[in-house]
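Residues or ranges marked as [2Fe-2S] cluster binding site by Swiss-Prot: Cys51, Cys124, Cys196. The annotation Mg(2+) binding site is assigned in Swiss-Prot to Asp83, Asp125, Lys126, Glu448. The N6-carboxylysine annotation in Swiss-Prot covers Lys126 and rests on sequence analysis. Residues or ranges marked as active site, proton acceptor by Swiss-Prot: Ser474.
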Amino acid sequence: MVKIRIRSPLWYDGVDNAPHRSYLKAIGFTEEDFSKPIVGVLASWSELGPCNYHTLELAKYVKEGIKEAGGVGLAAPTIVVNDGINMGTPGMRYSLISRDLIADTIEAQFNAHGVDAWVGIGGCDKTQPGIMMAMVRLDIPAVYLYGGTAEAGWLGERELTIEDTFEAVGAYLAGRITLEDLKRIEELSFPSYGTCQGLFTANTMAMIGEALGLSLLGSASPPATSSRRRAFAIASGRAVLKAAELGITPRKVVTYDALYNAAVTLFATAGSTNAILHLLAIAHEAGVKFTLDDFDEISKKVPVIAALRPAGPYAMQDLDKIGGVPRILKKLYKAGLLRGEALTVEGETIGKLLDRWQPPPLPEAGVLYDVDRPYKPYSGIRILRGNLAPNGAVMKVGAAERLKFEGRAKVYDSEAEAFKAVASGEIKAGDVVVIRYEGPKGAPGMPEMLKITAAIVGAGLGEVVALITDGRFSGATRGIMVGHVSPEAAVGGPIALVQNGDRIVIDGEAGLLKLELGEEELERRRKNWSPPPPKYKGGLLAKYASLVQQADKGAVTSPPVL
């Protein structure tokens, strides 16, 4: 057994630390408590939306598990930026920034106070990768716990998610539904606290937590309102001390094989493209070489086996009813697509856990398919390259009916300009909407584009109009959408050189994103291009723009691990 009071003695043992003990005795510590491991409980709590509304309650259950296992739990908060509420507003510039801030705040709090281990509770999109980045950065025993998905809504026999509300706005603007129809969907689409209900970014990252081995097997799918969510909170508290006893730290878990498994799972479920950014960032923090080239190679081997929204009709709660994420992982493992020797925080390899796990005796009911008879015969996401994205771009082919598209560019230097064009009917079938200067440095913050992509789909243009951007997409995005174009426009990437009327080729099968111009013309335009002035001269956004790397590097702000 490994000594599990690995850091706290420096803070709390000995005569010279008597004042430190006084501080904790003031909040109820006993003398005996100082002989136990001190375990941080990170609650990403906020009332600024439903996603993290309940995490303080979950923290209490985590502390119960820690106490049962012989430790003392101390809760601490971090910030939350609710992506859905900020969509299409200046607030979205703070979304991706918050991921790195969350990792930084966790490092500051838990390193400053010498905790021996910790459990991180995440909910909304960026809290989860931020916590996972901090786990490998601190590299002390840690377990990730997801706050859980919201329940789906219902409109008669129609299952609703927040995706329906975003798309209903586009349908209303196009005259396809009435204002009363829109209001009914608005009222019914999000009936409980928890995260967005499809396999959007939050549920994707929760699934990734299981695939990486950072969270307990089966813990991703129970809804936020489920009693099993509280049971997993208690179990996570126990598990972190077991991991500490076994000497298991996150960098022993987040290896190349674990990242490989996460990528396979992402592609097999057509999960959020944001997960590629986040996995690149997690690998960066772990000091593991895992690049877009790895994603590209893996994507060529994996079909889509899950019919989860937005690629299919089902919500996360439907997956939960038939066994949750382990049912997906076991299919992939039995097909030889997962690397079973990857270690997990539970102290066993993922292969051993999956060998032991048995699905409930329920039919898959169209939610899941077999690898040899997939839902779609190709990967959910493809990496694109070409003269428009020399360093790469991503396309969620699993949520598009067409993998190939050619059209003429309509260029906008902000999402707001492009949204006005959609709302006014300026965008027509055959157009390729190009939205630029929305990348990591240019926006800054690489905002998501759900407001405009949902408007395009809602207007009935989802399969006849394409969109290309150096920004990001929500996990709820569907249609012919290409994002993360790198290099971005603000640093002189080729997307900055596109002009109205230029012909663009998108080929999701071949992995191609091409501007049909000769190199001489591109060079002429490049000589005439000059970078725009920074949008912010002070504050957090200016600091971020000065530090952030490009999307193909995970849009990270911290130096590499040596």
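Note: Cβ is positioned from N, Cα and C throughout, glycine not excepted.
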Where does Cys51 ([2Fe-2S] cluster binding site) sit in DSSP terms: helix, strand, or coil?
-> coil
Just the number: how many Å between the Cα atoms of Cys124 ([2Fe-2S] cluster binding site) and the residue listed as 'active site, proton acceptor'?
-> 12
In angstrom units, rounded to an integer, how far apart are the Cα atoms of Cys51 ([2Fe-2S] cluster binding site) and Lys126 (Mg(2+) binding site)?
-> 11
Rounded Cα-Cα span from the residue listed as 'active site, proton acceptor' to Lys126 (Mg(2+) binding site), Å = 12
Sequence-distant neighbours of Glu448 (Mg(2+) binding site) in its chain (C-beta under 8 A, six or more apart) = Asp83, Met87, Met92, Ser95, Asn274, Gly471, Arg472, Phe473, Ser474, Thr477
For the [2Fe-2S] cluster site given as Cys51, Cys124, Cys196, which other residues of the same chain have their Cβ within 8 Å of the site's Cβ centre?
-> Gly49, Pro50, Asn52, Asn82, Asp83, Gly84, Gly123, Asp125, Ala150, Gly194, Thr195, Ala202
Around the Mg(2+) site (Asp83, Asp125, Lys126, Glu448), what further same-chain residues have their C-beta within 8 angstroms of the site's C-beta centre?
-> Val81, Gly84, Ser95, Leu96, Cys124, Thr201, Asn274, Ser474
Only counting partners 6 or more residues apart, tell me which same-chain residues put their Cβ under 8 Å from the Cβ of Cys196 ([2Fe-2S] cluster binding site).
-> Cys51, Gly84, Thr149, Ala150, Thr161, Ile162, Glu163, Ala202, Asn203, Gly475, Ala476
For Cys124 ([2Fe-2S] cluster binding site), the three-state DSSP class is coil
Return the residues near Asp125 (Mg(2+) binding site), defined as same-chain residues 6+ apart in sequence whose C-beta is under 8 angstroms from its C-beta, sorted by sequence, else 'none'.
-> Asp83, Ser95, Thr195, Phe200, Thr201, Ala202, Met205, Asn274, Gly475
For Cys124 ([2Fe-2S] cluster binding site), the number of neighbouring Cβ atoms whose distance to its own Cβ is within 10 Å equals 28
Conformational class of Asp83 (Mg(2+) binding site) under the three-state DSSP mapping | helix
